[in-house]
Amino acid sequence: MASTPPQTSKKVRNNSGSGQTVKFARRTSSGRYVSLSRDNIELSGELSGDYSNYTVHIPPTPDNQPMATKAEEQYVSNSLFTGGFNSVTRAHLMDKVIDSDVTHPQMAGAKGSSCAMPACDGNVMKDERGKDVMPCECRFKICRDCFMDAQKETGLCPGCKEQYKIGDLDDDTPDYSSGALPLPAPGKDQRGNNNNMSMMKRNQNGEFDHNRWLFETQGTYGYGNAYWPQDEMYGDDMDEGMRGGMVETADKPWRPLSRRIPIPAAIISPYRLLIVIRFVVLCFFLTWRIRNPNEDAIWLWLMSIICELWFGFSWILDQIPKLCPINRSTDLEVLRDKFDMPSPSNPTGRSDLPGIDLFVSTADPEKEPPLVTANTILSILAVDYPVEKVSCYLSDDGGALLSFEAMAEAASFADLWVPFCRKHNIEPRNPDSYFSLKIDPTKNKSRIDFVKDRRKIKREYDEFKVRINGLPDSIRRRSDAFNAREEMKALKQMRESGGDPTEPVKVPKATWMADGTHWPGTWAASTREHSKGDHAGILQVMLKPPSSDPLIGNSDDKVIDFSDTDTRLPMFVYVSREKRPGYDHNKKAGAMNALVRASAILSNGPFILNLDCDHYIYNCKAVREGMCFMMDRGGEDICYIQFPQRFEGIDPSDRYANNNTVFFDGNMRALDGVQGPVYVGTGTMFRRFALYGFDPPNPDKLLEKKESETEALTTSDFDPDLDVTQLPKRFGNSTLLAESIPIAEFQGRPLADHPAVKYGRPPGALRVPRDPLDATTVAESVSVISCWYEDKTEWGDRVGWIYGSVTEDVVTGYRMHNRGWRSVYCITKRDSFRGSAPINLTDRLHQVLRWATGSVEIFFSRNNAILASKRLKFLQRLAYLNVGIYPFTSLFLILYCFLPAFSLFSGQFIVRTLSISFLVYLLMITICLIGLAVLEVKWSGIGLEEWWRNEQWWLISGTSSHLYAVVQGVLKVIAGIEISFTLTTKSGGDDNEDIYADLYIVKWSSLMIPPIVIAMVNIIAIVVAFIRTIYQAVPQWSKLIGGAFFSFWVLAHLYPFAKGLMGRRGKTPTIVFVWAGLIAITISLLWTAINPNTGPAAAAEGVGGGGFQFP
């Protein structure tokens, strides 16, 4: 279904007389699918090396469904879905995903009791609660293969000899009498005209109208897809239940979920005053400098005044947005009371929190170790949030089998790790970080079995790491064995057909999965349709959606007793979007947009949290912290919550300012008081509706049209320019994706539990269980990750992550702010997320180069803040303008760093003499700088050493990476030269003797040339001036000190760079000192020969003395 044209898809949906077709096929070694009849299928297992597929042609309908819903979901979760451009979407049923055994009932490949068919040793599938899946009402136990055979032959159940029917005996009809309905019931006119106003509205052509939710529906909403209760569930009972839920909420004293805490006036008032004072002093100083040129060295004066004017402008752009810093706090107890507490209308305490989809992206398992990614996934699966509301998606842009099987191993290990974390309240929930803690693990632990459980889980984790580390060799050995078998088969066939035995056998070197079938993604030996840039779309539900009710473990199932612990796991999906030559894949932004579409169809969480593969959840309550802002009064106009980035593995001195606390604790906190922090690429919780490119709601305007504040709104209410004909142009032709948009919008609203909440949803709206997955839904999600789906749509232009820049994160956040949304900065007491950062000098410079290049691209694009709309606040506009301009400071910074050396070489200075006026201005500017630094340290919480490290790195990166970024950006604009970057290598967390080994590795790069030249020239200039001074008959030391001071100031900023060049202490190559000394002596002798000392007369005239006088 997913590969058919969109219009065909709609027509098929309306054909209620057709059932789902299951098509068997054999995949040959060449990659073709050959249809098989029943007579050609041998039950001896000869197909073990080929694909056994069923092709989804027609979705099941309420009138003709081949098996029970939960049974179908189980079969779907055990299938690897593939598809894409000009290919049919296929579901490959897998006997096993990994070589090791699978025990958790939610995981693909989980087996139940034995099959009841004669001469069959297969196992029955398990549902999410560990019970056997039986497709027929007679409860006849049948395995997957026998069920497929029965379906293909007669369609009859082998037990009762009846046709497979709708029904799952384990399912109970949901009871909505408690009032837990998402929206008020439709009006009587709608219920009375079922023929004219059908739930499945059709357009004039008789096709399914995929815009019904966007423009005409006043239906109810559930978690995931839309849920319409039965007609008899509407009426007085429902109304009373709804009113009861509202009354219960209204009776409780209203408390806010978050608070805005202003900076104390004793700190912020002097800070603002100093900014004004320094601005005034700077203006007077620059005026004085312009009016008092140095006639003896006009070229030196002109260069210095141009640089100083730019520095003043740059300082204004950086400092003015810091006028309004704020702090925020959250109240998790209030969140729990509002959304998770039992009540008369919710006796089981089912959560009313909205769902959230967590995205993790990876691209190359060689540079991003699978163990690091697996630990990130485990921290997500163990997050403290309602299990049924969490869905995790991994985007593998490389399509590597190594990543696939590593994620399957992580899902298997989560069966033990996640319940262990819940049972003993473990923090952090990244196993590698937890077992690496240098503190007493028994601190604050009171359960008597903790030590025993920890010992067991540590052993299991060690075995898990060994399995992950052994995956490359395991895959290689497996593939070699299967390829050798295929070569022998091909050779045998060639001999039987009479071919020339001397000719080499041409069999592709395929990569094979654990169940003995070809991997549809990238092969180790890349071939056509199996390389990083050319492979089919792949989607595997590693962990199917959990049940709505807790699944309590027991002491017999696991190595650890979980008899009082919920053992459910969140849904986990592996996604590798389709890539084909000739299609622009748009790097990480394209991968994120593919996840947005796939997740909208599978889970449709109204909020999305994206993480890099090396950033894990350090605070298991981080999601709840973010929800306190989204669900609070006024939270409906928040587009995203940005969490600060914190890093591990940084050297104690933070030589290269990796922690970047000045930015994360200073600039971002200040922007939070304006319109919100910028999006920095990871650790961000998005509102899905904002990602779709819509404007924020205007409650006053919307309430003029709506009678009820909790009534469903149409998309045209948010975007008047969006009509029916523009919907496919903006979002594509996916019907399910279009239907999910207003559902996500509604579920993302705050509770309407306060009169001030003008735009909310009723309490209890999100307690409805989610719909199970079916083949049609998963096939549609494969369709939307195809390479052609975004053609002629607004994905990447207005919708989703924005394309066109290597820093797509900043542009995406800018677009949201430009539409009027605001963002919030969430700093928690315990770090929410932690990740790794490059501590090697060269890697750090390349990282900054990528960021700066993206800023230059922004400056030369339509995303320049100068062109922003009126919805972007003035201070926010200055902040975004600074984002695009700051790399250009490098042009003036490099020149200014050479000025002290030019002064010492020429004997002149930027001013004629060190007059009282110059010194007073210099002193006042310095005092203001120190005062601003001290006060900024006070309100931001950073340290003075961190502030100084940031200043040092600003000069180092400004004279290297930023300069190269400007050159690359200009070349791209003028000559159209595209910019490409290699993926930053992540640390694999190996147990090295020195965890800071990368810090001492010297990797040569052209980015090092400018700082080296600056340092050498200033050192030589000091040496030359020193030698010239001592050769004078009457040495003028004051002149030397005055000129050398500014050179030493430059060298002090370059000190971390010099340490990075020296590598490990005591291992500096001798040749470096030899050449440095020779160069210095040569230049000194050359300068002495060109400008020799002429004796006392020359000294009296000040020849070679530095060119300026102390007053």
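Note: Cβ is positioned from N, Cα and C throughout, glycine not excepted.
What Swiss-Prot records for ASP397, ASP809 is active site. Annotation source Swiss-Prot lists compositional bias 'Polar residues' at 192-202. The region 'Disordered' annotation in Swiss-Prot covers 1-26, 175-202. Annotation source Swiss-Prot lists transmembrane segment at 266-286, 297-317, 891-911, 914-934, 963-983, 1007-1027, 1040-1060, 1070-1090.
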Does the transmembrane segment (1007-1027) reach the transmembrane segment (1040-1060) with at least 3 CB pairs under 8 A, where each pair is 6 or more residues apart?
yes
Can you work out which residues elsewhere in the same chain, 6+ from the ends of the transmembrane segment (1040-1060), have a Cβ less than 8 Å from its Cβ atoms?
655-656, 841, 897, 899-901, 903-904, 909, 914, 949, 951-953, 955-956, 999, 1002, 1008, 1011, 1014-1015, 1018-1019, 1021-1022, 1025-1026, 1029, 1105-1108, 1110
Note down the number of other Cβ atoms within 10 Å of the Cβ of ASP397 (active site), including every protein chain shown.
22
With Cβ-Cβ distances below 8 Å as the criterion, list the same-chain residues six or more beyond the ends of the transmembrane segment (297-317) that contact it, or say none.
279, 282, 286, 289-290, 878-879, 881-882, 885-886, 889, 892-893, 895-896, 899, 902-903, 906, 908-911, 1107
Which residues of the same chain, at least 6 positions away in sequence, have a Cβ lying under 8 Å from the Cβ of ASP809 (active site)?
TYR679, VAL680, GLY681, THR684, TRP801
